[in-house]
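Asks: Once you've had a glance at the structure underneath, I'll fire off some questions.
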Amino acid sequence: MAAASPRPCIPVQNYGRRRESNLSSSSVTRPRIDFGGMQLVKMPSFEVKNGYGKKINVFGETGNVAIEVSSAMKDEFVRFFREAWPYFLAHRGSTFVVDISLLHGLGVKFVLVPGTHIQIDRLLAERGSEPKYVGSHRITDSDSLSAAMDASGSIGFMIEAKLSPGPSLSGIRRHGSNGRRYDGVNVASGNFVAAKRRGVVDGIDYASTGEVKKIDVSRIRERLAQDCIVLLSNLGYSSSGEVLNCNSYEVATACAMALGAEKLICIIDGPILDECGRLIHFLTLQDADMLIRKRAKQSETAANYVKAVAQEDLCAAYDDSNHAVPSLNGKAFSQAPKFQNGVGFDSGNGFWSTEQGFAIGGQESMSRLNGYLSELAAAAFVCKGGVQRVHLLDGTIAGVLLKELFQRDGVGTMVASDLYEGMRMARVTDVHGIKQLLLPLEESGTLIKRTEEEVLGALESFIVVEREGHVIACAALFPFFEEKCGEVAAIAVSPECRGQGQGDKLLDYIEKKASSLGLQMLFLLTTRTADWFVRRGFSECSIERIPEERRKKINISRRSKYYMKKLLTDKSIIR
């Protein structure tokens, strides 16, 4: 994709390339909790060798380089796999749309949706035709349809070829039985996407441009169960036997929602940065939604998002909250009629009639005048449709998928609808609930005793998790700005909610909050919970590392242990 020159002070901008991160395990902790379930990835348009243009490696590598593996590199390899092991376990058996066969070998299931617009535009130019776009959609005349079919075929064949080789036989013979056979990856493609003509919209005939009508979920699941990687293309097939050119993002987002995916992973051509040029690691769905809405007057894609979300809300209101239908990942969709059988158009009640996926593209996306706002809109749309998390990854970083999925801090931007659900800063009405959570831990000596008046006096430092009107967890962050550090205190979870990861979510939130305030270190005092914090990156320190102001108030008779954790700069949006 083409990238325009950056404009300052605009969120979600492309400010150029960033350095590759190393494999260090010391990091600000990114929320990466329970990866199970179905997941899906949108791949970028690729440059392919078709007899006309130069060849660029699909997987972002510049070629095979022979290097001598030093002892230090071997140690780094071992350390990386020790760090990544919990994530290997978490990802096993889940479904992704990704572009690398290594993860398939680890037991991960894939659905691939490659982009094609670069190849289509290039083929049209080589054949003396001009690409035509209106908004996010291409006008697919006969020349464009021919180019779309050629591009889809070329990319599909190339991906199948890249996935076909098995592992090195010399390596297998060195570490395994000579009698075992190791084949390449099986790739399954087919007419999984049913489409209908977009038709004439506002007086414009889109010719053979299609809109997603149905994703054949059952057949996709069958292929995945047979240990295949499923490859979807931009081509859909109508009930009358026509081939239609669909928007790749519409296909990917429709598939993610129809499969009940927990993740959609989008490979884009640069990082998503804030107005100061810093990588945005994380956005809640609410923050992403607000950011897109603020740009609706200057971005057609943002305006389309607002309109699409408003239609979803109307559908949900029509259906009534008592008729939610469970999704395939175990969560109920509030817009039940839209997804209950994987169909985007009219699922039985005659009410819903617009496309299931979210299309982006055209001049706005290619020019990057609004940065990566289009991709962010697609991410927010699918999160609202039931997909829990979307990862937007800079495809120019070698190994970006492994770095994102198997390191706690990741290297991309994650939009999530589930991580901080119900989490907010405390209010006066929460004081009694906070005190009820703290009381059992105070009585056991785990926490120091605080009166309700003391809790009220420190209320602006407390964070709570609310569920159905009740405070089920709390924590506090007391900043010491002069020393650029903060104290973590009063982490408590209701007994009936323990074991659900609420403590981890609170700590993740506190770390992001602290980093966004410019703090560089967290510390805590504990008598009974040291192991829990050590497992989350804290290390024991001396009392001299505690700010002097705080040291004066320490009750030495408790004989508390002191722990600290250094934070990396992380400007994710946390309020």
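Cβ from N, Cα, C; glycine included.
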Asks: Which of these ranges is annotated region 'Disordered' in TrEMBL: 1-28, 141-168, 197-224, 421-448?
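Replies: My reading of TrEMBL: the region 'Disordered' range is 1-28.
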Asks: What is the pLDDT of the domain 'N-acetyltransferase' (421-569) when averaged and given as a whole number?
Replies: 92
Asks: Tally of helix, strand and coil residues over the domain 'N-acetyltransferase' (421-569) according to DSSP?
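Replies: Here the numbers are 58 helix, 44 strand, 47 coil.
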